[in-house]
Each structure stands twice: as structure tokens, then as C-alpha cells.
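Participant: Dumping the structure here so I can ask a few things about it.
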């Protein structure tokens, strides 16, 4: 003879009935058997992008933060176009080139930049002016990145973690500014492109791990380990988001703002990968 009531679970808790939904935990997201089955599914580039977009849709404040950072970049562009210091414009698709513009530290391409050759002849006041504008632009992007990852990962970044994020962000920005841009034959350039993708793919999780509070060496090492075995999925993410960033930044009006929308999806995708890979 069977009992009319549901039997309690082995651990003493009530088993969910057929009409009950999965328990809401982990920042308000459903957990349970369905989610566990999804977590065990193999990681794919399209799956990560879809999950990242969903996370941003559920947390619109992350999108707002990145758009505000994109506006800050656009404002600096407008100011730079008005001052007498020479600038170099972003070479978009109208220049007849296509680039995968993906940065390990989430960023938005600037519409204009100052060539290093132009800095040599500047007086100290103008050097200070350019430095202040670049610092403002970098601070806006770094702050938006920290906020986005902290929100999606349910993390509370300490001042030290925020400082480490800003330090790595600044180092990457400086490296990008100082890196020479040269035209080389295709066969010569292929190994460098392959090396670039290999390194970037293994650093996809870096910004999220920094926000979670890991030290800089530990974040680099952990990001490298998390990417192992998921190279093709992450390479797809890098290519899709990198091309989307480049095409958005190529817009003649509002390029940085459009690119900031892609940056928000990058934050969501990286957060999704870190949650799944961990």
C-alpha cells in the first residue's frame, strides 16, 4: 500500500513536487537538476555567447555601465578633435581592412589616438592635458569592467582587487599603444596571428579572476588553466566579439558607444565561462 504524501528526501529536506520550480539561488538564478545538466554540457562558442547575452539582459545595469564608459570614450574623442594636438583616426572597415579587435581586458576602441611621434614636440602643459584625458578614458572603462564582472559574478571587489584590475588594464593599454604596426607578407604574419590568438584565448578569463580577488600572477595562471581544453570554443568567442567590436567601432558616428554594447556582451560571456569552467 502506497502513502498519499511525498516521501522526504534522504537528507531530511522536502523533495520538490512536480508543480514546484527550481530553487532560486546564486544571485537569483535557478539551480537544480536542469541547470546541472546544462552545466555538464560541453562548452561551445555559441553557447557561451548566448549565455553571456542572457546574463546581460537579466542585469541591464551592466549594459548601462559599459554604455556610459563608451560615452566617456566618445567625449574624449570629441575633445581631442577640437584641440591642436595631432591625432590619428581609428582605421575601420572603410579603410579597406578587417581586424579582430579583442582585448583580454574589456575595452572600447577610441575613435582617435595620439601618435607617439606627436608627443615628442609637445610642451609639458599639453602632455599633462593628453595624459589626463587618456587617464579619464582608461578609468571609465576599467570602472565599468569591474562593476560588470562584480555584478555578474556576485563578487565584492576589494580596493586592492580594483587596483590590480586597473594596473593590468593600464599595462595592456600601454602595450597596445607602444606596439608597432607593420605590414608583413601573409606567410610571415600567419605565425604571429596564431601566437596572438593562442595567448588571447588563454587570457579570456583574466579580468573576471582579477575582480574575484586573485593576485595578478594567480589570475594569469588560473586563466591559462581554465582555457585548457576549451581553446576552440574560446577562439570562436574571440573571433565573433572581435569582429563585432571592429565593425561597431568603424561606424562614422557613435562608434565607441556601439562598440560598448559588444563590450557588455564580452563581460557577460567571460562571466559565463568563468562560472561554467570553475
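Just so it is clear, glycine is given a Cβ too, placed from its N, Cα and C backbone atoms.
Take a look at what TrEMBL says about it:
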- 1-43: region 'Disordered' (REGION)
- 7-16: compositional bias 'Low complexity' (COMPBIAS)
- 62-81: transmembrane segment (TRANSMEM)
- 126-150: transmembrane segment (TRANSMEM)
- 185-211: transmembrane segment (TRANSMEM)
- 232-251: transmembrane segment (TRANSMEM)
- 257-274: transmembrane segment (TRANSMEM)
Participant: Give me the stretch from 62-81, 126-150, 185-211, 232-251 with the greatest number of Cβ pairs under 8 Å to the transmembrane segment (257-274).
Facilitator: 62-81
Participant: Six or more residues beyond either end and a Cβ under 8 Å away: which residues meet both conditions relative to the transmembrane segment (185-211)?
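Facilitator: Distant Cβ neighbours of the transmembrane segment (185-211) are 102, 104-106, 145-146, 149-150, 153, 155, 157, 161-162, 164-165, 168-169, 218-220, 222-224, 226-228, 231, 234-235, 237-238, 270-271, 273-274, 277.
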